[in-house]
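Visitor: Below you will find the structure I want to go over with you.
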Amino acid sequence: MVAPVLFSSIEVTRQVFYREALSYAIVNLKPIVPGHVLVIPTRVVPRLADLSGPELSSLITSVQTVGNVIEKAYGGDALTVACQDGKAAGQSIPHVHFHILPRKFRGDFFSQRMDDIYPALEKSEASLPRSFLESRGASDHQHEPLRVDADESRPPRTLEEMEKEATWLRTLFARHEPNE
């Protein structure tokens, strides 16, 4: 039996599409843009400074590897890579994680105002715990709902929808050869 994968205390095993010994990547519950994924160290730690050298190296290498594949898979021209390192920086889940968002010159919801992605990312991070609960059938009505693509009415994706995307992405990593 394989041990469950945890993002802080939240099981995300079915969302995992990439895994190394010290880090992994998951599809996002409420992506800001198509292809918005998270890269996370395996050990639950709240801040970058809490990671060991090997963990940090694995995490950053995974960000690079996942970013390369995600950019191509979603037809991106570039990536936004972000880490909110601590609660004062907007981190809502006390587990280090990097957001990877494929970006486009045209057709990206934020292409007219590229930096508008940062407030959207901060707002989405703030309501993440509630959205995780809702996707698993629980609710906590004390938080504001998460915005995705500036659409307040869009609910969190189901576990089945996320699993379908993760399954597809796993096939891309099975074929992926690292750059030499």
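From the backbone N, Cα and C atoms, a Cβ is placed for every residue, glycine too.
So TrEMBL lists the following for this protein:
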DOMAIN    3-111  domain 'HIT'
MOTIF     95-99  motif 'Histidine triad motif'
ACT_SITE  HIS97  active site, tele-AMP-histidine intermediate
SITE      TYR118  site 'Important for induction of apoptosis'
REGION    132-161  region 'Disordered'
COMPBIAS  137-161  compositional bias 'Basic and acidic residues'
Visitor: Limited to the domain 'HIT' (3-111), I'd like the whole-number average of pLDDT.
Guide: 91
Visitor: Which residues, sitting 6 or more apart from HIS97 (active site, tele-AMP-histidine intermediate) on the same chain, put a CB under 8 Å from its CB?
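Guide: For HIS97 (active site, tele-AMP-histidine intermediate), the qualifying residues are PHE7, LEU38, VAL39, ILE40, CYS83.
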